[in-house]
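Chemist: Encoded as structure tokens, here's the structure I'll be asking about.
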Amino acid sequence: MGKGKNHDRKANPGFGKVKSKSGTSTGEFTLKRVKGENFYRDAKSAARVKMLNGGKAVRDRDGKIVEAAAFQKGEKEAEPGRVKPDRRWFGNTRVISQSALDHFRTALKEQKADPYSVLLKRNKLPMGLLQDDTKDSGSRPHIVETEPFGDTFGPKAQRKRPRLDIGSIEELGESSAAAATAAEAATAESQANGTADLADIYHPTTSTAREPIYAKGTSRRIWGELYKVLDSSDVVIHVLDARDPLGTRCKPVVEYLRKEKAHKHLVYVLNKVDLVPTWVTSGPYAYAYANGPARWVKHLSLSAPTIAFHASINNSFGKGSLIQLLRQFSVLHSDKKQISVGFIGYPNTGKSSIINTLKKKKVCTVAPIPGETKVWQYITLMRRIYLIDCPGIVPVSAKDSDTDTVLKGVVRVENLATPAEHIPALLERVRPEYLERTYNLEHVEGGWHGEQGATVILTAIAKKSGKLLKGGEPDQEAAAKMVLNDWIRGKIPFFVAPPAKSEPGAPTAATAAAATTTEAEKKKTEAEEQELAEERETMEILEEQERSLGKVLGIKRVKGVEQPISKIVTMTKFIGDDARRYVEEEEVVDQDKEMVEKEEEEEEEEDEDEDEEEEELAWEDVFPEEADAVDGGEEVEESDKEETDDEEDVDEEEAVPSAKQLGKRKAIDSDEEEQTANKSKRMTTNKQKATNFYTHANVKNRNRDRKVPKNPGKRSRGDDETTGKKAKKRR
């Protein structure tokens with residue numbers, strides 16, 4: 001039997017060689033294998049299994065630990081050691097004197113009270129010692145120190161029973177009734193003196209069970225979204241409704257930010273300023289009396305920076321000021337790559353609309369109904385500024401009734417079972433003249449009040465709008481829903497007046513305007529002028545200090561935010577004293593008129609320059625000689641018609657001049673006069689061009705700039721082609 005070619009193993013040394021395990025052969029790159037690692041588990045999963053299973057230490061029969069368990073400190077780590085001798089062990093550590101503590105405490109208190117100071121970093125100081133706890137010192141009752149537990153209860157009690165103010169249910173009822181009467185008397189007195197909080201005027205307390213629909217914005221999910229936004233944002237913008245700023249302010253959230261998140265900056269944005277008169281938002285200082293109404297921007301600026309805003313993608317107000325303020329914050333936080341700005345507030349206050357206005361496009365879904373935003377959303381404004389949209393939140397308050405919740409725009413009106421029950425409270429807040437004008441109702445002496453007045457006005461509105469039930473009965477619930485929707489969307493004029501500077505015995509604005517100025521009033525005005533001068537001096541000194549500090553530190557300084565609030569265009573028309581509740585001085589009025597006239601003239605000049613730029617250049621305007629040559633020959637009649645059309649259009653424009661053109665005819669240059677003279681020489685006929693409705697009407701917005709067509713003498717397409725051919729031939 002012959003042998004095969006592979007039969008001789010000595011001849012083929014590589015035949016039958018067994019593959020060795022990885023890492024056993026010398027000179028081969030090996031990895032350190034973990035105990036337990038095999039085909040089924042890698043090193044990570046093996047370590048995890050070892051952690052889960054190896055929770056016990058290995059001990060001998062005497063109970064001593066032979067092998068410590070995982071995550072268990074052994075005896076070797078706790079061996080006694082020798083401390084290295086050093087003089088620093090006996091020296092002073094970080095110490096501070098009481099005088100320095102008092103100085104830091106007063107400085108910190110002043111900076112905390114200033115809403116425009118920004119906390120960037122906390123130094124290595126004992127902040128617990130620096131914070132002033134005088135307000136909270138008496139908050140905790142020291143019961144144990146006053147009466148120890150052993151002296152009150154137990155075998156060594158010194159009295160038989162605890163001292164209780166109320167011993168029965170009858171005494172509890174009497175005490176609660178007395179407390180209620182005392183609270184009512186206190187609120188009535190505060191309202192009479194004018195010291196009551198405006199947010200408490202329409203907020204009676206209630207103890208009845210509420211329907212689930214009135215608990216919108218208070219769910220655990222929405223408040224979880226709020227805390228996500230607060231934790232993620234460096235700047236928190238609280239959006240308020242200009243019609244009721246204090247009513248739409250989330251006081252618990254503001255207090256939480258002040259106490260727990262002092263390093264986050266709070267800014268108020270007063271949205272929907274186009275729905276209130278300009279004097280409510282703010283106004284020139286010359287119009288404000290010492291006892292006149294304080295504007296909302298000035299009032300809210302005492303607690304935080306406040307900006308008036310009107311959210312609109314095309315016609316907005318306050319957009320530049322808000323972006324400038326956000327850029328200031330980004331400059332302050334120059335050590336960060338970017339800052340996040342969170343928008344919080346009540347539902348339907350315009351948070352998403354403000355973000356769309358800043359982006360100048362629709363990036364957030366918006367609707368005139370509350371609850372459109374469900375979850376938080378990140379939007380990139382620019383490279384270093386991010387915006388965070390938050391769903392609307394409603395802080396739980398015992399002062400808010402169901403009607404207050406509805407009138408603040410928290411609840412969707414179509415989901416209300418009985419919307420007519422909220423109309424009496426609405427009638428108390430709105431003047432009857434506005435309802436008559438909005439719904440075209442007949443004038444009623446004294447207006448509508450109470451449930452009876454609500455029934456009367458709802459019946460009239462239902463009949464006017466055709467909302468009837470079977471048998472021709474007016475549908476009051478449908479009419480109430482319509483009124484509430486108009487209220488929420490701003491069609492019914494309403495606003496809460498800003499707080500006035502109330503002083504005991506001070507005269508009102510009307511009496512002050514009518515009466516002659518006394519010596520006391522003169523002293524008051526002089527004192528106010530001195531205060532204003534001192535404030536200006538201090539502001540100048542602070543600005544100089546900021547400039548010098550910026551030069552030293554090399555920090556880029558950004559200008560302050562200013563707003564021309566007097567230029568806000570109000571959408572709703574208010575009556576008489578609502579439109580302007582301050583008395584204007586004659587000199588101030590004259591100055592304002594001059595300023596307005598100058599601004600109007602500048603705007604007119606800019607508009608005229610834009611119109612001249614927008615006018616299309618014709619061929620004859622650039623090459624008049626060639627145009628005359630082209631117009632000769634076969635196209636004489638057509639050119640004559642075009643010339644007459646041009647002249648007739650000019651005549652029509654001169655016959656019906658606009659207000660801008662009347663004031664500008666004196667400023668026509670001599671070159672323009674020569675051009676018009678040259679054009680008038682070319683007129684050869686008096687034929688009138690036929691006109692119709694579409695000549696002057698603005699159909700499909702094509703003729704929006706002028707009453708006459710923009711270029712009535714423009715050649716047709718065939719004419720352009722012929723002139724083009726002739727021009728080619730000439731060339």
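Cβ coordinates come from backbone N, Cα and C, glycine included.
What you see is a predicted model, and the numbers here were worked out from it, not measured in a lab.
Look at Swiss-Prot and you will find Gly345, Tyr346, Pro347, Asn348, Thr349, Gly350, Lys351, Ser352, Asp389, Cys390, Pro391, Gly392, Ile393 tagged as GTP binding site. Summarising the annotation, Swiss-Prot assigns compositional bias 'Basic and acidic residues' to 132-145, 519-541. Residues or ranges marked as compositional bias 'Polar residues' by Swiss-Prot: 685-698. Marked as compositional bias 'Basic residues' by Swiss-Prot: 699-715. According to Swiss-Prot, the domain 'CP-type G' annotation covers 223-396.
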Chemist: Given the GTP site residues Gly345, Tyr346, Pro347, Asn348, Thr349, Gly350, Lys351, Ser352, Asp389, Cys390, Pro391, Gly392, Ile393, which other residues of that chain have a Cβ within 8 Å of the mean position of their Cβ atoms, reported in sequence order?
Modeler: Val239, Phe343, Ile344, Pro370, Thr373
Chemist: What same-chain residues, at least 6 away in sequence, bring their CB to under 8 Å of the CB of Ile393 (GTP binding site)?
Modeler: Gly217, Thr218, Ile222, Trp223, Leu226, Cys250, Val253, Ile344, Gly345, Tyr346, Pro347
Chemist: Let me know how many other Cβ atoms fall within 10 Å of the Cβ of Thr349 (GTP binding site).
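Modeler: Its Cβ shell of radius 10 Å holds 25 other Cβ atoms.
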Chemist: Given the GTP binding site residues Gly345, Tyr346, Pro347, Asn348, Thr349, Gly350, Lys351, Ser352, Asp389, Cys390, Pro391, Gly392, Ile393 in the record, what is the largest Cα to Cα distance, rounded to whole Å?
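Modeler: Site span for GTP, by Cα atoms: 14 Å.
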Chemist: DSSP on Lys351 (GTP binding site), three-state: which is it?
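Modeler: Assignment for Lys351 (GTP binding site) reads helix.
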Chemist: Can you count the other CB atoms that lie within 10 A of the CB of Gly345 (GTP binding site)?
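Modeler: Taking every protein chain into account, the count is 24.
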Chemist: Based on DSSP, name the secondary structure state of Asp389 (GTP binding site): helix, strand or coil.
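Modeler: Note: Asp389 (GTP binding site) is in a strand by DSSP.
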